[in-house]
Amino acid sequence: MSPQTETKASVGFKAGVKDYKLTYYTPDYETKDTDILAAFRVTPQPGVPPEEAGAAVAAESSTGTWTTVWTDGLTSLDRYKGRCYGIEPVLGEENQYIAYVAYPLDLFEEGSVTNMFTSIVGNVFGFKALRALRLEDLRIPTAYVKTFQGPPHGIQVDRDKLNKYGRPLLGCTIKPKLGLSAKNYGRAVYECLRGGLDFTKDDENVNSQPFMRWRDRFLFCAEAIYKAQAETGEIKGHYLNATAGTCEEMMKRAVFARELAVPIVMHDYLTGGCNATTSLAHYCRDNGLLLHIQRAMHAVIDRQKNHGMHFRVLAKALRMSGGDHIHAGTVVGKLEGEREITLGFVDLLRDDFIKKDRSRGIYFTQDWVSLPGVLPVASGGIHVWHMPALTEIFGDDSVLQFGGGTLGHPWGNAPGPVANRVALEACVQARNDGRDLAIHGNEIIREACKWSPELAAACEVWKEIKFEFPALDTFV
């Protein structure tokens, strides 16, 4: 050891282990406008004080480790460390706390959701001193927001490209999700678009399997789009899933979609990765393609109430990393989603400025400045009887995406989209006339059945179908 090293090591350094809270719990800290703020739901192990648990989260997700290290003296911990600045108990839950942590902006690479997540939701989630840990929300400062380009186009450009205004957009996921040949798949796309839908969609499972290679699917779907557009006079689209085993292959598929002059491609955001999403978003922005985002695998991360990460965090990250649409649950369908919680993250996707509202799970005021908005997609176990509720809950700036609720029509593929379009038009007209969809929804659908046999047949098939289970994702 050199004399210089000996001198530095001997001044102010004491080896050993000390409580995290001595360094990382700072209840008097005043947060800065440039800090990234996090709200964690912390469940400490028995005997671990909540302040120590919150400080451990702040430490292990920023500059700290389990013991003091000599190299702490070579930097400024006060400048770079995360700080647990508040602890509050979770009402109605034993031994659960909300720990508020502030992170200096210099800890994060500009324009990188991957780097942000690597720090904030990294190894700390396996920390033994915690029984469980869940990231409930993040406040992204405007200084960091401005380092991202966000969605390739956003809501207004989406509508302008389609030339469709004043109502939700209407879509359908092609079923069965696996097993169709490319030609039969294209036929289903054509029948749906011809019947009145704005979009059809590849299921997230569809990539390039032996029964249907991606290039064949792209060609037959493009043919279906052109034919439906010519016959209806409306602009149509199909979400061509560009997700692949490598980013290079993904980009090759996106390039081929652009060469076919289709309006939109699709990517599996979580299974494909944030980096791939951002790369594809940049390409879509430069080449005039809309980007639809699927959230497959999200429930592995966000379903459990005490561990993981809430979907509102994933939604914020997607808006930063880039996507024009993202699936957001339905409230009324087969997938998990409580109304107020869902509307909270829907606002985080669409609006420019969202105020703190704990009743909807929004822990921090969020200012997106000029970052474009994202269209929420309601999809999963919905049918024509749900149309009034979906229109009332999600409003015009949304995509209502039916799968079995279109292709399960008793008369076949073609009448299904007709029934959905009639139901949507009836609900929008009734709403515009001042009728309350929450009160008169079923009556509005029954009235429309009188002049649409396709809708009447659909209503008869699905009149008893409900998905009524208690939501796990409720705010306490």
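Backbone N, Cα and C atoms are what each Cβ position is placed from, and that goes for glycine too.
Here the structure is a predicted model, which means the values were calculated and not measured.
Feature annotations, reproduced from Swiss-Prot:
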type	residues	note
MOD_RES	P3	N-acetylproline
MOD_RES	K14	N6,N6,N6-trimethyllysine
BINDING	N123, T173, K177, R295, H327, S379	substrate binding site
ACT_SITE	K175	active site, proton acceptor
MOD_RES	K201	N6-carboxylysine
BINDING	K201, D203, E204	Mg(2+) binding site
SITE	K334	site 'Transition state stabilizer'
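Distribution of Swiss-Prot features across the structure.
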residue : record                       : contacts (Cβ under 8 Å, 6+ apart)
K14     : N6,N6,N6-trimethyllysine     : T68
T173    : substrate binding site       : T200, K201, D202, D203, S379, Q401, F402, G403
K175    : active site, proton acceptor : D203, G403, G404, L407, G408
K177    : substrate binding site       : D203, N205, V206
E204    : Mg(2+) binding site          : N241, T243, D268, T271, Q294, A296
R295    : substrate binding site       : Y269, L270, F311, L314, L318, I326, H327
Given the binding-site residues N123, S379, which one's Cβ is surrounded by the fewest other Cβ atoms within 10 Å? N123
Select one residue from K201, H327: among these recorded positions, choose the one with the most other Cβ atoms within 10 Å of its Cβ. K201
Reduced to three states, what secondary structure does DSSP give K175 (active site, proton acceptor)? coil
Around the Mg(2+) site formed by K201, D203, E204, which additional residues qualify by having Cβ within 8 Å of the site's Cβ center? T173, I174, K177, D202, N205, V206, Y239, N241, M266, Q294
Using DSSP and three states only, what is R295 (substrate binding site)? coil
